[in-house]
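One structure below.
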Amino acid sequence: MDSWVVLLGLQIIWLPLLTHGTAPTPTLRFVAVGDWGGVPNAPFHTAREMANAKEIARTVQTMGADFIMSLGDNFYFTGVHDASDKRFQETFEDVFSDRALRNIPWYVLAGNHDHLGNVSAQIAYSKISKRWNFPSPYYRLRFKIPRTNITVAIFMLDTVMLCGNSDDFASQQPKMPRDLGVARTQLSWLKKQLAAAKEDYVLVAGHYPIWSIAEHGPTRCLVKNLRPLLATYGVTAYLCGHDHNLQYLQDENGVGYVLSGAGNFMDPSVRHQRKVPNGYLRFHYGSEDSLGGFTHVEISPKEMTIIYVEASGKSLFKTSLPRRPRP
């Protein structure tokens, strides 16, 4: 049986990979969706979240996915209270309930709205749900593409702990982190991990964007502290949400910036277009008439392909990034 290896802290777990039909090239595939967290009043979900869930299920059936990456703001507007909070059932389990999704693991990180509630409860829910994987505020995943020696590392961050909280519905920069020591510890951990990473693809994921032309714009804290690490250590891509639209940007070092924050709301704002360096923006979609969307990522021995999918089923944009050169 094909398998992948996942490293959560010091724990190594072997998990089965889905078989992708008769695909000629073995791949690792996943869906990345952010800001999908419904609403705090009945029915605890939105039409956009439901549409995204339906299209994610269809995409999993037709294109394949080994897991789903949640990019934060999992429960609007103030997170959850405890691990038995009904929002887990009403905003997550009951929405992403299609048969195609029942055995697909989710790897989760926290957004600013999650931090207005109890993030520890979201971590604890990992012991309750067979799908929900959130082992700690920040952690490492490692995958091996079946029948190859190609490896993928993903570093899941807590950017709220790094930079502080902010208002998701106002153009605010994050305030200072609540605990500077905790922020420095996470950044130091990431730096050491990236310096040691030998994988063929290295991805970093967090809630806040580094670059964005939309309502919140570039996150200055991350431009200062995280962006240099991506360039120095040859990171393939940074995935995020926070702004409620879909964007793809790429810098002069070849780092891709995948913004997928259209799981529950859509915002057409491009108010920070001039705050992003010329030539970085390759794609933006924020139509208020849209039901939102997400990204589908496929990693092969040759390249990483990213497709932006609207909840209606339409493919909006496709791009690819090369495998990192071997040392």
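Each position is counted from 1, following the chain as shown.
Yeah, the Cβs are placed from backbone N, Cα and C, and that goes for glycine too.
Of the listed candidates (His115, His216, His244), Swiss-Prot assigns His244 to the same Fe cation 1 site as Asp35, Asp73, Tyr76. Among Asn41, Asn112, Asn165, Asn278, the residue that Swiss-Prot places alongside Asp73, His207, His242 at the Fe cation 2 binding site is Asn112. Taking the Cα of Asn149 (N-linked glycosylation site) as the reference point, the closest of the binding-site residues Asp35, Asn112, His207 is His207. The binding-site residues examined here are His207, His244; by Cβ neighbour count within 10 Å, the least packed of them is His244. Within the group of disulfide-bonded residues (Cys163, Cys221), the Cβ with the highest number of other Cβ atoms inside 10 Å belongs to Cys163. Here the candidates are the recorded positions Asn118, His207, Cys221. The one whose C-alpha lies nearest to that of His244 (Fe cation 1 binding site) is His207. A sphere of 10 angstroms centred on the C-beta of Asn112 (Fe cation 2 binding site) encloses 23 other C-beta atoms.
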